[in-house]
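> Submitted below is the structure of interest, expressed as structure tokens.
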Protein chains: 2
Amino acid sequence: MSKPLRLGIAGLGTVGAGVVQILRKQAALLETRTGRPLVITAVSARSKEKDRGVNLSSYAWENDPVALAKREDVDVFVELMGGEDGPAKDATDAALALGKDVITANKAMLAMHGQALAEAAEAKGSVIKYEAAVAGGIPVIKALGEGLAGNQITRVMGVMNGSCNYILTRMEDAGLPYADVFAEADGLGYLEADPQLDVGGIDAAHKLAILSSLAFGTQVNFAGIELEGIERVSIEDIRAAADMGYKIKLLGVAQVTGRGLEQRMQPCLVPDTSPLGQLSGGTNMIVLEGDAVGQIVLRGAGAGAGPTASAVLSDICDIARGYRGPTFGQPATTLTAAVPATSQRPAAYYLRMTLMDKPGALAKVASVLGDAAVSIDRMRQYGHVKDRAQVLIVTHKTTRADIDHALAAFGATSVVSGDPVALRIEEV
Amino acid sequence: MSKPLRLGIAGLGTVGAGVVQILRKQAALLETRTGRPLVITAVSARSKEKDRGVNLSSYAWENDPVALAKREDVDVFVELMGGEDGPAKDATDAALALGKDVITANKAMLAMHGQALAEAAEAKGSVIKYEAAVAGGIPVIKALGEGLAGNQITRVMGVMNGSCNYILTRMEDAGLPYADVFAEADGLGYLEADPQLDVGGIDAAHKLAILSSLAFGTQVNFAGIELEGIERVSIEDIRAAADMGYKIKLLGVAQVTGRGLEQRMQPCLVPDTSPLGQLSGGTNMIVLEGDAVGQIVLRGAGAGAGPTASAVLSDICDIARGYRGPTFGQPATTLTAAVPATSQRPAAYYLRMTLMDKPGALAKVASVLGDAAVSIDRMRQYGHVKDRAQVLIVTHKTTRADIDHALAAFGATSVVSGDPVALRIEEV
């Protein structure tokens, strides 16, 4: 019989408890699949007393995750605590310093310290696996880093935060404003303790930064992401977009152009008939595009104890089987520094603005757009309410710079009331 | 620098040429990703003279794939010829006998000889990789065997033959009968040289047999598949199904129940709003369900030079990186003999029949169904044409046995003209 793989698990929230449960319930199956017993030797969490619905009595207990990571009877340190710094980072550093392998679900830590961690791991010949850090149960890290390893990746795109997608879907279905649905989701426990991580797009951007590195061979660069959350998405825009055949999604997009690495996480419009447009509720979807494979779409639960534990188990099985690769698909020392580029690739844009009831108002708007070299594909004006009319415009492909010129010029027309809304329409 | 991985490629059709092309074009990238040079040392195909659009001059040429497989300068035999027996099988056997690794896109060979091949490989410590054999560029073998390795798989399902899906979609979009669209697809070169492999569901069933083994730890059992092609799907049924909110798909479904391993490849109805229902044209979609992960959906091109070559490259990179696992996810000697079971799990059924214009005709149909314990969920009768009326029925969940009882009894009613159509409605 092969040597057991000895796991130390730090963090026993729903995911950690889920991992323990699977390792206990499927012990025989996992041993058959990997060729060796997978055993938990020690665990660590904040409170030893809390009932987590799993029997922990046969595992050594450590109050300190750093002590857990350093234990001689731990081969693989499984970090399920979260937090970009603090105990999770300290314990991961300790494990790597001793040449141990690390499995983590911690997207924030990887997005902030991925390069240093990968270099530390590879210097010691150990591996960091993180399937659970992106899109929960969807095996996207494996698909991108291994399944599409023969491709030059051309674009990575997706809905990577289920809570945001739930909120946007619910706003549309129930016709409720953002604030109401936010409060509802928070009450149901759908949001992180700091909800800004979700609705500000930060959690999703952490994931995008990780995918970018793996896709394009660049060092993780969270700071280079153009980031905008969903807080300013209004029910009016959701309705107007629907009226024009689109859905609004918090969409992450990464691609390399001649100008550098473009990474965007922001509300975008996608056609309502596209797979991304049809994604409702808390589900995640990742779209991977490569020069050989074309487009691959992966869809599944992006969060939850079972799906996330499934991803952690995938990493455990990989290590047990001896599948040891560099963290970001190629040696960390070969990853290039990303040159962040704001997107100047042309795209169609959705514009919504409020026009005052003045003669020639629409002509002025059209002329501003024309002067900015923005041409109009479709336009709708809705009836006047209290001397104000809503105008929706879908432009032909244009650059963000030209749109910004037009937006700046609307102010001087004295016919546009308030700030127009401009959202990119992503080709999917 | 690490030792080069030396590849011998047998079969230089579009896929083989595509693999050569990627290995040449992405040589530097692939070496960075895998840590070693990937080099082609020899190739083999039927005709040395044919122009394949790739430069083969630096590779040794073998007319005989067996000789290629045996070459001392070949570490990995890449089999892209196809055919369940004959040269492909002979050369694969020869490679395995010498302890070489094998990469193959040959679903027929694996569906027929998978168990013996896996045992032969594992006895010598070599590996067989076959990402390209199922669903083209979709990395489903990796997702199922590695990404979901922590799961007890509960169901595998999907549209696995793009040509059939193209035909069914085209019939609906153009309102054309099967024979016309078949001729059109054949003329466009969309079908195998023996079109029965496609439209008879055989090619798709080969893929299902492979997925079943990987999912359930059973020996590949192609013979145990309930198999029905799309030749009898009529434009009337496609229209009627659409009318009731469904699409007809050639759907593969595998699951283990108390009775054994159910494997079906047959035309089924799926809700038109489901991901499977919305899949049009030649795209493939695989749905994987596991006890922890829930449902994962994978979508992409199921055929074509680029996507299939992408899958072959994934296997090449895996072997270069030293990712060596058993063929079907666990040692071949531990795979259990599948007990084939025809599905008796209850499902809703779609029935379409032609009623003669006789008093009480519909009552007789209803009474036959009632006697067979089949209850009706929805029913539609269309106006009489020449003393005949079409009746569509969607049943509540019932067993295939009960449906078969009802179908047998309709004949004795003297009000049903011809054979009624009965198609399973799959829950997706």
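Glycine too: its Cβ is placed from the backbone N, Cα and C atoms.
TrEMBL lists these features:
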BINDING   A:A10, A:G11, A:L12, A:G13, A:T14, A:V15, A:G16, A:A17  NADP(+) binding site
BINDING   A:K107  NADPH binding site
BINDING   A:E192  L-homoserine binding site
ACT_SITE  A:K207  active site, proton donor
DOMAIN    A:350-428  domain 'ACT'
> Distance between A:A10 (NADP(+) binding site) and A:K107 (NADPH binding site) at the Cα atoms, whole Å?
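If we compare the Cα positions of A:A10 (NADP(+) binding site) and A:K107 (NADPH binding site), the gap is 16 Å.
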> Would you list the other residues of this chain near NADP(+) - those whose C-beta lies within 8 angstroms of the C-beta centroid of A:A10, A:G11, A:L12, A:G13, A:T14, A:V15, A:G16, A:A17 - in sequence order?
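Along the chain, the qualifying residues are A:I9, A:G18, A:V19, A:A45, A:R52, A:L80, A:M81.
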> Calculate the distance in Å between the alpha carbons (Cα) of A:G16 (NADP(+) binding site) and the residue listed as 'L-homoserine binding site', and round it to a whole number.
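Here the two Cα atoms are 17 Å apart.
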> Would you mind listing, in sequence order, the residues at least six apart from the residue listed as 'L-homoserine binding site' in the same chain with a Cβ closer than 8 Å to its Cβ?
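Non-local contacts for the residue listed as 'L-homoserine binding site': A:S163, A:D198, A:D203.
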> Could you check which of the recorded positions A:G11, A:T14, A:V15, A:K207 is the closest Cα neighbour of A:K107 (NADPH binding site)?
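Minimum Cα distance from A:K107 (NADPH binding site) across A:G11, A:T14, A:V15, A:K207 lands on A:K207.
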> Let's see if you can do this one: DSSP helix, strand and coil counts over the domain 'ACT' (A:350-428), in that order.
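Helix/strand/coil tally for the domain 'ACT' (A:350-428): 25 helix, 33 strand, 21 coil.
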> When the pLDDT values for the domain 'ACT' (A:350-428) are averaged, what is the result?
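Here the mean pLDDT over the domain 'ACT' (A:350-428) amounts to 92.
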> Just jot down the residues in the same chain as A:V15 (NADP(+) binding site), at least 6 apart in sequence, with C-beta under 8 A of its C-beta; none if empty.
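Counting only residues 6 or more apart in sequence, the Cβ neighbours of A:V15 (NADP(+) binding site) under 8 Å are A:L80, A:A105, A:A132, A:A305, A:T308, A:A309, A:V312.
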> Please report how many Å separate the Cα atom of A:K207 (active site, proton donor) from that of A:T14 (NADP(+) binding site), as a whole number.
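Counting only the Cα atoms, the answer is 20 Å.
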> Look up A:A10 (NADP(+) binding site) in the DSSP assignment and report helix, strand or coil.
strand
> Identify, in sequence order, the residues in the chain of A:G11 (NADP(+) binding site) that are 6 or more apart from it along the sequence and have a CB within less than 8 Å of its CB; answer 'none' if there are none.
A:S44, A:A45, A:P65, A:E79, A:L80, A:M81, A:G82, A:A88
> Check the DSSP secondary structure of A:G16 (NADP(+) binding site), expressed as helix, strand or coil.
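The three-state answer is helix.
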> Which residues, sitting 6 or more apart from A:T14 (NADP(+) binding site) on the same chain, put a CB under 8 Å from its CB?
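Looking at Cβ-Cβ distances below 8 Å from A:T14 (NADP(+) binding site), excluding near sequence neighbours, one finds A:G304, A:A305.
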> Quick check on the recorded positions A:K107, A:K207: which one has the highest count of other Cβ atoms within 10 Å of its Cβ?
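The most densely surrounded of these recorded positions is A:K107.
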> If you count Cβ atoms within 10 Å of the Cβ of A:G13 (NADP(+) binding site), leaving out that atom itself, what do you get?
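The answer is 16.
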> Using Cβ-Cβ distances, find the residues under 8 Å from A:L12 (NADP(+) binding site) that belong to the same chain and are at least 6 apart in sequence, listing them in sequence order.
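For A:L12 (NADP(+) binding site), the qualifying residues are A:V20, A:V43, A:S44, A:A45, A:K50, A:R52, A:L56, A:L80.
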